[in-house]
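Visitor: Starting off with a structure, shown below.
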Amino acid sequence: MYLSRPTGVARFAASSSSSSSASLFPGVDVDTTTKTGALHFEETKERIKKLFDKVELSVSAYDTAWVAMVPSPNSLNQPLFPECINWVLDSQHADGSWGLLHNDQLLMKANLLSTLACVLTLKRWNIGHDHMSKALDFIKSNIASATDENQRSPVGFDIIFPGMIEYAKDLNLNLPLAPTNVDALVRKKELELRSCRSNSEGGKAYLAYVSEGIGKLQDWDMVMQYQRKNGSLFNSPSTTAAAFMHRNDDGCFDYLRSLLQKFDGSVPTIYPLDIYARLHMVDSLQKFGIARHFKEEIRSVLDETYRCWMQGEENIFLDASTCAMAFRMLRVEGYDVSSDQLTQFSEDIFPNCLGGYLKDFGASLELYKASQIITHPDESVLENINSWTSRFLKHGLSSDSVWSDRTDSVVKQEAVNALEFPYNATLERLISKRAMESYSGDIVRISKSPYACLNFGHQDFLELAVEDFNTLQRIHLKELEELQRWVVENKLDELKFFRLHLGYCYFAAAATLTDPELHDARIAWAQNGVLTTVVDDFYDGGGSEEELDNLIELVEKWDPDGEVGYCSKDVEIVFLALHSTVCEIGRRALVWQGRSVMRNVIDGWLALLKVMRKEAEWSTNKVVPSMGEYMEQAHVSFALGPIILPMLFFVGPKLSEEMIGSCEYQKLYKLMSTAGRLKNDIRSYDRECKEGKLNILSLWMIDGGGNVTKEEAIEAIKGDFERAIRELLGLVLQENTTIPRACKDLFWKLMSIVNLFYMEDDGYTSNRLMNTVKAMFEQPMDLDALLNK
């Protein structure tokens, strides 16, 4: 929409045509119409793919006005960038204001800031008197918002807005403001300045960032220390314009000129933002569970980000959020990035930068998430960041408000999720479900002024995610029915000693292996999960010694009609279920692997049964093993071996005998199983202690000779758990190893589901987990409800 100029108002000639639009993104058609019918899945995907091509930023009236104020070096009475003045003339809203069109009533401070900046521009060049009159009416009507603590405040508002009021006096512009309003604003500015100047390096960075509000009193030598390679100050057009007016710096001029060439008569509030915006987009697609549809585009973004990382790109390392996101996403995808680059964000150094001074909640959240990707034993910088950010986030959640470029409710909910579900206890389907349920549609951020970017969370992300989630849910329900038939056909429901937890077992598979084509892997995971629970219950009191030995002998011979025979109906049911299931897995795996894997799977089961038999003997004979002896058996008896191996055959890569027998495979398996066993033993200690069962916690206290308390033992075991998962993650993320990455990922995912299950109780008794399982299978996502909540 173009706004007409009053008749007779002069217009500056610009070197290039200028245009304006009420749309956040001129020239970009943003369809926000709710689709109630079937989604055109491929069309939605294509629209999202186009977002990778270009980062679209909204125009900032505030920053454009400051650039418009810059005089020509040849004549102080002529503007250097007349096209910006034309944009200001064209872009006033009907209510007399300038600024981003939005529905947030808490952004009135931003509107006041942008409107006053545009008024100063017009007054500076003695043009647009009718525009100014309408704008002054707007300011007069809304000035109360300037001191309203409930309003979202642009960065530096308490310095910049009073500073512009003082500048208006220099221009002989009479603002319709009551002296009491002006005095209150000036007092806030003075308090803010005193606070900044007493805060060393962080305060200096902040004062430099809001230089336009300080004007002639600014220490411009100090400000120019923050100049970047692209000539800007903080990638901020307004700060850079103010610096150029006072220092006539060539770098500042080159930056401003390049912006005008790119954005055709107007500027955004921050530029460049490409790296951050694209990383944020990738992160959003991953959280929504639809990243697999954009593998090539995501790889391209990460390759480019890694190139910039290795070149020391300022736009990564001078921004905490960007640096933290880049580190996390690159490391998780196997790129070699050092945590040393995050030293600048440790607790004692972070306050020295702008984000640290602002106590940026969003940046701290990104740093917290990055700090969890520890893959080496000596990454103390990540431990430091994890410690202070977790404390900072928890404190922020208990306070009324935090500072962030996003709305409080959105960023706080993300923090709640991040703290409650750390990286080592996350499941893809649960993450995507939470992302959809918390979708706000808010693509607006606030810096010195509000700005919008489609890459931050286009509605198409939600539409594609909902369709994808519901499609997978239908697949999962069919697979669950298949598994229910399998239970009945194999008579597992007739076993009296058995805790049937089919829903949990399949939930673990479905929430982790989300690709539709991974049907065989999900079925194998669930079936073997059920069967390991069967044999665990059988060897944990459900069977006699004769039955336990009988089952082992049957598996060794692997002949259901052989001479061994069955000493009981329970043994017959267990063995025949195991035999038929393993044989079916072998038939399916032959298609994927091109070779028989039956022996591998059988050997895995045999190893588990023998270890469980050994532990049953310990229990019967009241043997108290050493901690080393216990863990050597217990990591196997945790029963992940028969689950993980069959899955690996169904995820794509071909696994040779040499790979399965490699030291790397054994290490992955042992680390995963050890971590799971330690977590299980901590959670189940009280119950197992009452039942007289062995547990690493009780053995630790026994080994301490009575000098180790339960709490001390728990802390020690937690330390062992953390070391195990760090080493596991490091091995999973390591490139160019024997085991393919797609297979290594399953070790981490299986460990994560175990960790999640044992975050509360013993994994099977949590009501919240039970409700989560039911919701994932029974509740489809409703797009209209999500958009209209």
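We count from 1, first residue shown onward.
From the backbone N, Cα and C atoms, a Cβ is placed for every residue, glycine too.
So Swiss-Prot has the following annotated:
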MOTIF     536-540  motif 'DDXXD motif'
BINDING   Asp536, Asp540  Mg(2+) 1 binding site
BINDING   Asp536, Asp540  Mg(2+) 2 binding site
BINDING   Asn680, Ser684, Glu688  Mg(2+) 3 binding site
Visitor: Give me the mean pLDDT over the motif 'DDXXD motif' (536-540), rounded to a whole number.
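Guide: Result for the motif 'DDXXD motif' (536-540): average pLDDT 93.
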Visitor: Which residue counts does DSSP give the motif 'DDXXD motif' (536-540) for helix, strand and coil?
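Guide: Output for the motif 'DDXXD motif' (536-540) reads 5 helix, 0 strand, 0 coil.
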Visitor: Asn680, Ser684: which of these binding-site residues has the sparsest Cβ neighbourhood within 10 Å?
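Guide: Each of the binding-site residues Asn680, Ser684 was scored; lowest Cβ tally within 10 Å is Ser684.
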Visitor: Please report how many Å separate the Cα atom of Glu688 (Mg(2+) 3 binding site) from that of Asp540 (Mg(2+) 1 binding site), as a whole number.
Guide: 12
Visitor: Near Asp540 (Mg(2+) 1 binding site), how many other Cβ atoms are within 10 Å of its Cβ?
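Guide: Neighbour count, Cβ to Cβ under the 10 Å cut-off: 16.
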Visitor: Give me the Cα-Cα distance between Ser684 (Mg(2+) 3 binding site) and Asp536 (Mg(2+) 1 binding site), rounded to a whole Å.
Guide: 15
Visitor: Looking only at C-alpha atoms, tell me how far Asn680 (Mg(2+) 3 binding site) is from Asp536 (Mg(2+) 1 binding site), rounded to the nearest Å.
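Guide: Rounded to the nearest whole number, the Cα-Cα distance is 14 Å.
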Visitor: If you draw a 10 Å sphere around the Cβ of Glu688 (Mg(2+) 3 binding site), how many other Cβ atoms fall inside it, taking every protein chain shown into account?
Guide: 17
Visitor: Can you check which residues sit near Asp536 (Mg(2+) 1 binding site), meaning Cβ under 8 Å from its Cβ, same chain, 6 or more apart in sequence, and list them in order?
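Guide: Looking at Cβ-Cβ distances below 8 Å from Asp536 (Mg(2+) 1 binding site), excluding near sequence neighbours, one finds Met612, Ser637, Ala639.
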